[in-house]
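Chemist: First the structure, which I've put down as structure tokens, then a few questions once you've had a look.
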Amino acid sequence: MQTIDNYNFAGKKAFVRVDFNVPLDENFNITDDTRMVKALPTLKKILADGGSLIIGSHLGRPKKGPEDKFSLRHIVAHLSELLGTEVKFVDDCVGDKVKAAAAALKPGEVLLLENLRFHAEEEGKPRGLAEDASDEEKAAAKKAIKASQKEFTKELASLADVYVNDAFGTAHRAHASTALMAEYFTPENKMFGYLMGKEVAAVNKVMKEMVRPFTAIMGGSKVSSKIDIIENLLTKVDNLIIAGGMTYTFTKALGGKIGNSICEDDKLDLALELIEKAKANHVNLVLAVDAKIADDFSNDAHTDFCDVDKIPDGWEGMDIGPKSEALFADVIKKSKTILWNGPTGVFEFDNFTSGSRAVAEAIVEATKNGAFSLVGGGDSVACVNKFGLADQVSYVSTGGGALLEAIEGKVLPGIAAIQG
Ligand code: AMP
């Protein structure tokens with residue numbers, strides 16, 4: 001497989017798919033440029049080699065064609081600043097003016113294309129179908145968009161000599177620019193950018209090349225949103241720690257009293273099945289033994305601690321208690337590979353962060369002792385950032401949904417398109 005380090009971009013036009021889906025305020029100022037900063041090593045390497053850049057991204061979720069609030073023109077000035085060079089902008093991503101702008105690019109020059117999702121072809125889903133459209137109409141619209149997506153993809157690919165995908169955040173989408181256009185480049189002319197390469201390597205270290213013991217900590221609110229992940233992890237891990245709101249579905253399924261705690265009553269059987277699966281796979285399933293409880297879902301509620309299966313009526317579990325913190329930390333500290341997804345409690349309220357902090361600190365200690373730790377998929381990233389510990393774990397994924405699909409064991413189209 002081609003790598004960005006081995007490639008000399010001198011004289012080449014590189015199409016780089018980035019994830020510049022940055023948050024903007026009401027005056028279109030960027031409020032967090034992390035995603036742009038993360039792509040800089042790739043962009044700068046190409047320019048330093050003497051290549052030119054054609055940068056493609058999406059911004060937001062436009063569903064009806066061009067809309068100014070989703071225009072990438074809002075980020076041009078900041079990108080110029082970050083790259084230290086003028087960024088040219090073209091207000092479309094296909095068509096004659098785009099072809100002309102790309103053709104005129106000289107080594108060291110940068111062209112940013114307009115939001116790829118202004119065209120329905122990027123995602124390949126029909127738009128504007130009437131709600132009462134018949135099945136035939138839906139099928140015809142689907143067929144039509146697939147045909148025009150092919151032309152759109154070909155045209156994007158024709159702009160460049162080489163394709164670089166640095167957008168891990170959209171790697172789980174089989175969109176024109178994230179996966180399909182790779183087909184138009186030979187294996188030596190398509191590759192991951194640095195960010196994407198790091199994300200893929202981190203996922204592989206955990207899911208394929210894990211050093212044992214391997215511990216996953218799954219938190220968050222609902223079992224239902226994590227079933228596929230838990231099922232897949234039960235075939236890989238040595239220890240599976242279940243935390244967060246989903247604890248109480250397990251506790252209730254086992255006959256415990258959970259008061260007003262969050263619970264999915266239709267998932268009680270599933271919880272018991274997962275417990276049986278863990279046994280069958282010789283996985284040490286670690287459930288909380290105590291809880292920090294509150295008499296209201298609020299930061300200022302009265303609080304107390306109790307056994308996880310003896311929560312009084314009118315109270316709810318908002319975080320794990322100190323015994324569970326010690327239990328989880330002990331397992332984590334003995335691990336050599338660690339995956340953390342989802343907080344142990346309602347970490348948004350300062351009075352219920354203790355469990356998540358204890359998990360984060362145990363991961364940091366294990367990492368210092370040589371473990372590989374991957375934190376990702378939403379709120380656990382917010383946790384390590386909140387605790388100022390993000391730089392003390394091995395890798396914090398930028399991936400969100402893409403990371404979750406990867407740990408579900410799915411093949412991500414954006415990765416497969418390059419790896420073959
Ligand atoms: P998820 O998006 O599934 O990872 O869930 C993250 C959310 O789970 C966060 O907003 C937490 O506040 C919430 N959460 C964690 N523990 C609990 C709990 N014990 N009760 C209610 N919500 C919780």
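Cβ from N, Cα, C; glycine included.
Computed from a predicted structure; not experimentally measured.
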Chemist: Starting from the ATP binding annotation in TrEMBL that includes Lys226, Gly317, Gly377, Gly378, Asp379, Ser380, which of Glu188, Glu199, Glu276, Glu348 is the extra site residue?
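Modeler: For ATP, TrEMBL names Lys226, Gly317, Gly377, Gly378, Asp379, Ser380; of Glu188, Glu199, Glu276, Glu348, the listed one is Glu348.
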Chemist: Need a hand: TrEMBL gives Asp19, Phe20, Asn21, His58, Leu59, Gly60, Arg61, Arg117, Arg173 for substrate, which of Arg35, Arg73, Arg212 is also on that list?
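Modeler: Answer per TrEMBL: Arg35.
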Chemist: Kindly point out which of the binding-site residues Gly317, Gly377, Gly378 have a C-beta less than 6 Å from some atom of ligand 1.
Modeler: Gly317, Gly378
Chemist: Which residue among the binding-site residues Gly60, Gly317, Gly377, Gly378 has the fewest other Cβ atoms within 10 Å of its Cβ, if you could check?
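Modeler: Least crowded of the binding-site residues Gly60, Gly317, Gly377, Gly378, by Cβ count within 10 Å, is Gly60.
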Chemist: Determine the most Cβ-crowded residue among the binding-site residues Arg35, His58, using a 10 Å radius around each Cβ and all protein chains in the structure.
Modeler: His58
Chemist: To the nearest Å, how far is the Cα of Gly377 (ATP binding site) from the Cα of Arg35 ((2R)-3-phosphoglycerate binding site)?
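Modeler: For Gly377 (ATP binding site) versus Arg35 ((2R)-3-phosphoglycerate binding site), the Cα atoms are 15 Å apart.
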Chemist: For the binding-site residues listed here (Asp19, Glu348, Asp379), tell me which residue's CB has the most neighbouring CB atoms inside 10 Å.
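Modeler: For the binding-site residues Asp19, Glu348, Asp379, the Cβ with the most other Cβ atoms within 10 Å is Asp19.
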Chemist: Inside 10 Å of the Cβ of Ser380 (ATP binding site), count up the other Cβ atoms and send me the figure.
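Modeler: For Ser380 (ATP binding site), the 10 Å Cβ neighbour count is 30.
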Chemist: Out of Glu348, Gly378, Asp379, Ser380, point to the one nearest Asn21 (substrate binding site) in space (Cα versus Cα); all of them are binding-site residues in the record.
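Modeler: Nearest by Cα distance to Asn21 (substrate binding site): Gly378.
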